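Only one structure is covered here, and it is reproduced in the block below.
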Amino acid sequence: MTNMMRALVKTRPEVGLWMERVPVPEVGPNDVLIRVRKSAICGTDVHIWNWDQWAQKTIPVPMVVGHEFMGEIVEVGPAVTKHHVGERVSGEGHIVCGKCRNCRAGRGHLCRNTLGVGVNRPGSFAEFVCLPEYNVVSIPDDVPDEIAAIFDPFGNAVHTALSFDLVGEDVLVTGAGPIGIMGALVAKRCGARKVVITDINPVRLDLARKVGIDYVVDASKENLADVMRVIGMTEGFDVGLEMSGAAPAFRDMIDKMNNGGKIAILGIAPAGFEIDWNKVIFKMLNLKGIYGREMFETWYKMIAFVQGGLDLSQIITHRIGIDEFGDGFEAMRSGNSGKVVMDW
């Protein structure tokens with residue numbers, strides 16, 4: 001194997017990414033080297049491409065980016081015991097310290113010292129990516145490559161959706177991006193009574209209808225209260241999944257929650273915004289922030305969902321070769337796509 005590889009790199013502090021030749025990562029004693037088969041583009045990668053304020057404060061240059069992937073192990077460190085060469089794998093993109101209070105208590109997703117693959121350390125938009133053995137997840141034979149490549153965002157959806165009991169509950173999802181749609185699918189799969197998803201993007205609303213979400217609402221044209229009456233809801237929503245990061249959507253969700261309702265919040269707002277805290281207090285709402293995936297319960301759950309028949313294939317709207325990465329990023333930046341998966 002050559003000691004150089006192709007990778008998408010943030011080589012300079014401006015808009016874009018560039019295909020470069022960079023060294024193959026060195027494998028430490030507890031590390032696994034993975035030959036990447038498929039990569040998917042995340043909203044985080046779009047922020048890095050756009051070189052927005054968050055990216056400028058966060059990303060060291062140069063940096064190999066990307067963190068949604070699947071591949072095959074080609075080398076293991078001498079201390080690795082649970083994985084082997086030739087194994088199909090994906091990986092948890094949050095590298096935790098293992099030493100802080102939360103890590104030692106089994107709450108790694110709450111680690112204060114988390115490093116992000118493709119953010120703080122070299123990522124998976126490359127022919128090879130290196131991860132600690134602890135972060136590597138085996139992919140069963142009955143899970144397709146392209147589905148394993150989107151397990152990172154699917155995990156965000158699963159973590160958000162499973163934050164609260166969904167059985168027999170009425171669920172509102174604000175934001176019909178890929179993660180929002182996947183969250184709605186999980187809610188349906190778990191036995192929610194009515195699942196309503198809202199957005200203002202017609203392309204994403206059409207995708208939500210295509211995958212089988214029962215109640216799809218264009219918030220720019222329809223009043224959510226009217227929709228609730230039409231579908232027979234006499235009280236508010238029991239569970240809210242906030243996936244949009246949009247102030248109007250979040251305010252509408254708070255307004256439409258039942259007393260004692262529970263809201264899991266994954267969407268990141270571009271700037272701070274006001275909400276009516278009196279409604280939160282007097283409705284006795286429970287708000288929970290979500291970041292990433294629970295390690296590794298979320299991974300077990302999402303593998304089980306896929307093996308149990310949950311079809312995510314329609315969430316992938318663009319399948320391209322890695323040399324077409326520019327087209328993939330344009331699709332993601334337009335907001336008129338589902339997931340974009342790139343083949344190495």
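Using N, Cα and C of the backbone, Cβ positions are placed for all residues, glycine too.
Summarising the annotation, Swiss-Prot assigns Zn(2+) 1 binding site to Cys42, His67, Glu68 and lists sequence analysis as the type of evidence. What Swiss-Prot records for Thr44, His47 is active site, charge relay system. What Swiss-Prot lists as Zn(2+) 2 binding site is Cys97, Cys100, Cys103, Cys111. Marked as NAD(+) binding site by Swiss-Prot: Ile179, Asp199, Arg204, Leu266, Gly267, Ile268, Ile290, Tyr291.
Counting only same-chain residues at least 6 apart in sequence, those with a Cβ under 8 Å from the Cβ of Glu68 (Zn(2+) 1 binding site) are Ser39, Ala40, Ile41, Cys42, Gly93, Ser124, Ala149, Ile150, Phe151, Asp152, Pro153. When Cβ neighbours within 10 Å are tallied across all protein chains shown, the highest count among the binding-site residues Cys103, Cys111, Leu266, Ile290 belongs to Leu266. Other than Cys42, His67, Glu68, the residues of this chain whose Cβ falls within 8 Å of the Cβ centroid of the Zn(2+) 1 site are, in sequence order, Ser39, Ala40, Ile41, Thr44, Asp45, Gly66, Phe69, Gly93, Val117, Gly118, Gly123, Ser124, Asp152, Pro153. Around the Cβ of Cys100 (Zn(2+) 2 binding site), a 10 Å sphere holds 16 further Cβ atoms from the protein chains shown. The binding-site residues Cys42, Cys97, Ile268 differ in how many other CB atoms lie within 10 Å of their CB, and the one with the most is Cys42. For Ile290 (NAD(+) binding site), the nearest neighbour among the recorded positions Thr44, His47, His67, Cys97, judged by Cα separation, is Thr44.
Glu68 (Zn(2+) 1 binding site) carries a strand DSSP state (E or B). Checking each of the recorded positions (Thr44, Cys111, Asp199, Leu266) against His67 (Zn(2+) 1 binding site), the C-alpha distance stays within 10 Å for Thr44.
DSSP gives Cys42 (Zn(2+) 1 binding site) a coil state; it is part of no helix or strand. Closest to Leu266 (NAD(+) binding site) in space, going by CA atoms and restricting to the recorded positions Thr44, Cys97, Cys103, is Thr44. A 10 Å cutoff on Cβ-Cβ distances gives His47 (active site, charge relay system) a total of 18 other Cβ atoms nearby, all chains included. For Tyr291 (NAD(+) binding site), the same-chain residues lying six or more positions away in sequence with a CB closer than 8 A to its CB are His109, Leu266. The two recorded residues, Ile268 (NAD(+) binding site) and Cys97 (Zn(2+) 2 binding site), show a Cα separation of 24 Å.
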